[in-house]
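Lifted from TrEMBL, the feature list:
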- Asp13, Trp14, Glu16, Asn18, Glu27: Ca(2+) binding site (BINDING)
- 32-51: transmembrane segment (TRANSMEM)
- 58-78: transmembrane segment (TRANSMEM)
- His77, His206, His210: Zn(2+) binding site (BINDING)
- 90-108: transmembrane segment (TRANSMEM)
- 120-137: transmembrane segment (TRANSMEM)
- 143-159: transmembrane segment (TRANSMEM)
- 171-188: transmembrane segment (TRANSMEM)
- 208-227: transmembrane segment (TRANSMEM)
Amino acid sequence: MPSIFAYQSSEVDWCESNFQHSELVAEFYNTFSNVTFFIFGPLMMFLMHAYAQKRSRYIYGVCVLFMVVGLFSMYFHMTLSFLGQLLDEISILWLLASGYSIWMPRCYFPTFLGENRPQFICLVVITTMVSTFLSFLRPTVNAYALNSIAVHILYIVFQEYKKTNNKELRHLIEVSVVLWAFALTSWISDRFLCSFWQQINFFYLHSIWHVLISITFPYGMVTMALLDARYEMPDQTLKVRYWPRDTWPVGLPYVEIIGDHKNC
């Protein structure tokens, strides 16, 4: 039985040819496409600083976990080791759990919890710990289980989309969903249409997934911040800004707290 640390000890292998560009890196493009995680993670910590000071400093932890996901993804694609696969998937699981704990609107909590966020966080932590142990049982299905969580997130976002007339929020939701859809399409295509992409010598769809999903993170983060503010910060007005300039056609979204708001 191969060591969990050994190269190619994972049952998961992506479409990119192995060791094509380096004897030390199994999947070159899939490895280094994760560099965007180390760009957007610190940048969002800086841009969301004022918001985190008002809402929760655990938001810094979300950004750190986002960078940890990028680090473990690099390790996995560099080695295709079983350990790398589990670290990659478990870090994603805990990133999602942290987002749920901070931003899940109270009206979507299970009824037996009422609207008690500390109890909801305990439930999320326990569920995530159990899921972490279960991930060792059938490692080949972990990625599909993680992607299925997006169905629940999409349901919540769709419900909130119907409730709001806020143009900024609706725009962010639309962009986030489109980015996620393109990212997921790249992931699925690389997974299930590999033979086709190999015939035309295009092995980069999983790399594109990394880039697109890392861009989706800031949009999703700001979207959830705006949704959450309706319930948790009713006396504050959050303004969506874009880095480096609001006037640029493309930018990284963040929120700025500009004052009090009378309506809940």
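We count from 1, first residue shown onward.
Here the Cβ of each residue, glycine as well, is placed from N, Cα and C on the backbone.
It should be emphasised that the depicted structure is a prediction, and the values quoted were computed from it without experimental measurement.
Around the Cβ of Asp13 (Ca(2+) binding site), 12 further Cβ atoms fall within 10 Å across all displayed protein chains. Surrounding the centroid of the Cβ atoms of His77, His206, His210, where the record places Zn(2+), the chain contributes additional residues within 8 Å, namely Trp14, Glu16, Glu27, Tyr29, Asn30, Thr31, Ser33, Asn34, Ser73, Ser207, Trp209. The Cβ of His77 (Zn(2+) binding site) lies under 8 Å from the Cβ of Trp14, Val25, Ala26, Glu27, Asn30, Thr31, Asn34, Gly84, each on the same chain and at least six residues away in sequence. Here the transmembrane segment (32-51) sits apart from the transmembrane segment (171-188); fewer than 3 CB pairs are under 8 Å, leaving out pairs fewer than 6 apart in sequence. Ranked by Cβ pairs under 8 Å to the transmembrane segment (171-188), the stretches 90-108, 143-159, 208-227 are led by 208-227. Listed in sequence order, the residues of the same chain lying 6 or more apart from His206 (Zn(2+) binding site) and placing their CB within less than 8 Å of its CB are Trp14, Cys15, Glu16, Glu27, Asn30, Ser33, Ser186, Trp187, Asp190.
Residues Cys15, Ser17, Ala26, Asn30, His77, Leu80, Phe203, His206 surround the recorded Ca(2+) site, their Cβ atoms falling within 8 Å of the Cβ centroid of Asp13, Trp14, Glu16, Asn18, Glu27, which are themselves excluded.
The distance from the Cα of Asp13 (Ca(2+) binding site) to the Cα of His210 (Zn(2+) binding site) comes to 15 Å. For the transmembrane segment (90-108), the list of distant contacts is 55-56, 58-59, 61-62, 65-66, 68-69, 72, 115, 117, 120-121, 124-125, 127-128, 131-132, 135, 146, 149, 156, 159-160, 221, 224-225, 227-228, 230-231: same-chain residues at least six beyond its ends, Cβ to Cβ under 8 Å. The least crowded of the binding-site residues Trp14, Asn18, His210, judged by other CB atoms within 10 A of its own CB, is Asn18. When the binding-site residues Glu16, Glu27 are compared by the number of other C-beta atoms lying within 10 angstroms of their own C-beta, Glu16 comes out lowest. Residues 30, 33-34, 36-37, 39-40, 43-44, 48, 51, 55, 62, 66, 70, 73, 99, 102-103, 105, 156-157, 160, 166, 168-169, 172-173, 175-176, 179-180, 182-184, 186-187, 190, 238, 240, 252-255 of the same chain lie 6+ residues outside the transmembrane segment (208-227) yet bring a C-beta within less than 8 angstroms of a C-beta in it. Taking the Cα atom of each, His210 (Zn(2+) binding site) and Asn18 (Ca(2+) binding site) are about 18 angstrom apart.
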